[in-house]
C-alpha cells in the first residue's frame, strides 16, 4: 500500500508543482505585460519624446511661415496714387514700394478698355477732368532731366488691360524714387491708346509732319492719346 500510495503521490506532487509553475509563469507574464504597458516604460517614453519633438518642429515651422507672412503684410507702400476716370469713378490704385536700390511699381485697376494703354508719371499734381482735354491740368510727362519720350523719368511700361477690363502689373525702375515723385508733386496718368515710346522708323511719316520719322507729338507723348484716368501721388 505504501508503494502504491507513493506512486499516486508522485504524479500528484508533479501536478501541484506544474500548477504552481504555471501560475507563477502567468503571473510573471502578466507582470511583464503590465510593465511593458506602463507609461514609465522606456519605449513609451521614447515615442512621447519623438512626438514632443515633432510638435516643437511643427511650432518652429509655423513660426517661420507666420513670420514670412507678417513681413509681407507689414510691408507698406512708400507712395500711392488712387486712380479715377473722367467721371470721378474710382478705378484702382498704383502703389510704389522701396525695393533696395529700385522702386517697385504695382498697378491694380479695373473698368478700362481692353488693350495696351500709355502709362506715365506727369509733372503737375492736379487731376481736373476737363471736358475738352481731360486731365490736361497734369501737364506733360515727368521729365526733370530733359530729353525725348522713352527717356523721360516718368515713362513707364504700357499697361495691358484684359478683356474683362482689369489690369495688374508689377515692375521695378531706377528712373525715380518715391521721395522724388512726392516732393515734385506728380500724378499717374493712364492714356486711352498704346504708347509707341517714340519708336517710329524713318520710312514712316505722319500727316502732321513734313519729315519722316517721329514727329513732335510722338517725341512728347508716344502717341498714347487722350488721358482716361488720373491719380495724385501721395504718401503710402
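Placement of Cβ uses the backbone N, Cα and C atoms for every residue, glycine included.
Curation does not apply to TrEMBL; its annotations are automatic.
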Next on the checklist: Suppose you had to name the range TrEMBL annotates as region 'Disordered'; which of 143-189, 190-236 would you pick?
Outcome noted: 190-236
Checklist entry - To what whole number does the mean pLDDT across the domain 'Superoxide dismutase copper/zinc binding' (92-233) round? => result 90
